[in-house]
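*Asks:* Sharing a structure here in structure tokens format.
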Amino acid sequence: MTNGSFRQIINQLDMRWRRRVPVIHQTETAECGLACLAMICGHFGKNIDLISLRRKFNLSARGANLAGINGIAEQLGMVTRALSLELDELGALKMPCILHWDFSHFVVLVSVKRNRYVLHDPARGRRYLGREEMSRYFTGIALEVWPGSEFLAETQQIRISLRSLINSIYGIKRTLAKIFCLSVVIEAINLVMPVGTQLVMDHAIPAGDRGLLTLISAGLMFFILLRAAVSMLRAWSSLVMSTLINIQWQSGLFNHLLRLPLAFFERRKLGDIQSRFGSLDTLRATFTTCVVGAIMDSIMVVGVFVMMLLYGGYLTWIVLGFTMVYVLIRLVTYGYYRQISEETLVRGARASSYFMESLYGIATVKIQGMAGIRGTHWLNLKIDAINSGIKLTKMDLLFGGINTFVAACDQVAILWLGASLVIDNQMTIGMFVAFGSFRGQFSDRVASLTSFLLQLRIMSLHNERIADIALHEKEEKKPEIEIVADMSPVSLETTDLSYRYDSQSAQVFSGLNLSVAPGESVAITGASGAGKTTLMKVLCGLFEPDSGKVLVNGTDIRQLGINNYHRMIACVMQDDRLFSGSIRENICGFAEETDDEWMTECARASHIHDVIMKMPMGYETLIGELGEGLSGGQKQRIFIARALYRKPGILFMDEATSSLDTESERFVNAAIKKMNITRVIIAHRETTLRTVDRIISI
């Protein structure tokens, strides 16, 4: 037997008393199947995160069916068995196993005891259900999964190290060093203060020496003033550090987010992305408020422990014993605390996504009479998030109560034992009072340090959420080349172009060969759902093809660079958006320097200039992010004007005139045709199709 095979067998052995099934929440809207497999793999010792699974098995926003999950499980070295069964037969399954849930979801069945079912839901976390609710959602399909001969228990997790995050901040090391030095001064003063109290009680008071009392008091006052001044300086330095971290982390992550491929956003909910971005604030707050304090707590724990040994002898070990009770309680309950923390974040993000979705579709909500339903559903989601937060608060209150109780017991025990030592003349009153002060500092510092260390572990949760954005591969950016934006027509060609949404789905199109000459206008037609918009996004460089090439003027757009290619083209898509600002800013792309004459010409070509001029503020008219106050046709004409303002060599239009009346559509098509630029159009209207040189059906 080789060392490698022996190591594999050792990894597969589980010598623990109990195998846990981890709770893993899905990130994308349709990756519940991947999350279920990640949980089962974790149960059998293969700790693999969703980022790793996603990179290996690229699923689309449409998700995967049971056959797809079965195929992925086999590639992970698992053995599977699909079953159709009744609810009463669930207890006979090999658990954990995967259940088909509510005809559109997958969950992991962890255990069945009497009529109590424990599930790990990728969308909601750990759930305890009764028979009635199980009967309502279980579809009768289950998938048993267990390790096969090729299964390897290992760790495959992609994460961001805290060190790399810290090292990426300019000026952080100098600021940290300053804060550390100031903290040393403050903590040294804290150690001196009890000694001053002891000197007063053991020397100044028994001797009746007012001069010594005055000298000690003056010295203590000096140290108090010094501590206040240094504390203010440290607070200012902490503010500087917090600002440095906040700006650099958030700007870096936001810039990275904007450069991610379109598919990343299509598979996620906006509220979840916003929640993950907000995890930066938690990391920043934890780092700026706790890291330096934790370092000083560590130093002080050692220093105070030594002082306690010098002053109290064996009393120190009693204090240590009481303190360890609290530490052990926190360590034992950490797993549950982390699980609730993650559920709170996920449920809050889900409620936020639903809230934003309702606002974006407010017109539909009103027209369809869905206000009551949407309001009730949002309230239920919010209550779920609040309940998770309440659980977290309860645990914090419980820990606070336990800490107070343990500290009180410790204080009473030390009071009795210490007073006995004083009565027996084995300790002076001053030493006893000083020891009590050191005891309080030791207990508080250990409790604070324990909370920080556990908080540091909780930070890994936020780290994982940020990693989903930060470690996602962004679009490749090539060095910018000089491109003259003068509407010179360019050629467009595809060779053996193929695309499918993911490895589990059929190809949308394959072996596609197109050729569009410079200045030619081509219309792409086909039945709804045939893949016209998907093809348009591939041609625009928004989606990357599985195989084949897209060539512009004979150059592969990947070789040219998507960033350079986008400077040569303009697109008007079905789901285009206006941004909060003026009409001028939207047409000119919020550029600092604008060409008003060309802007007006583009607006005239789009048949929107006269409409804009009738508005009280003309081109300075403000519009909201949803384009309030504008009709669908007016928005589309502004979209077209915005595209023309870029002076593109190719203009892509996906149903760009579908909301226009016949006269406006005829005018816009004629005006664009006169510009003699290359056009690729998706359209169904005969009036638009008559303006093109060639029609391609797919």
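Just so it is clear, glycine is given a Cβ too, placed from its N, Cα and C backbone atoms.
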*Asks:* Match it up for me: which of 33-53, 243-263, 453-473 does Swiss-Prot list as transmembrane segment?
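*Replies:* The range carrying the transmembrane segment annotation in Swiss-Prot is 33-53.
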*Asks:* According to Swiss-Prot, which of these ranges is transmembrane segment: 90-110, 216-236?
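*Replies:* Matching range for transmembrane segment: 90-110.
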*Asks:* Count the residues of the domain 'Peptidase C39' (26-145) that DSSP assigns to helix (H, G, I), to strand (E, B) and to coil, and report the three numbers in that order.
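*Replies:* DSSP composition of the domain 'Peptidase C39' (26-145): 42 helix, 42 strand, 36 coil.
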*Asks:* So for Cys32 (active site), how many other CB atoms are inside 10 Å of its CB?
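*Replies:* For Cys32 (active site), the count of other Cβ atoms within 10 Å is 24.
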*Asks:* Kindly state the mean pLDDT of the domain 'ABC transporter' (492-698) in the predicted structure.
*Replies:* 88
*Asks:* Checking distant contacts: for the transmembrane segment (397-417), what same-chain residues at least six beyond its ends satisfy Cβ-Cβ under 8 A?
*Replies:* 315, 318-319, 322-323, 325-326, 329-330, 435-436, 439-440, 443, 447
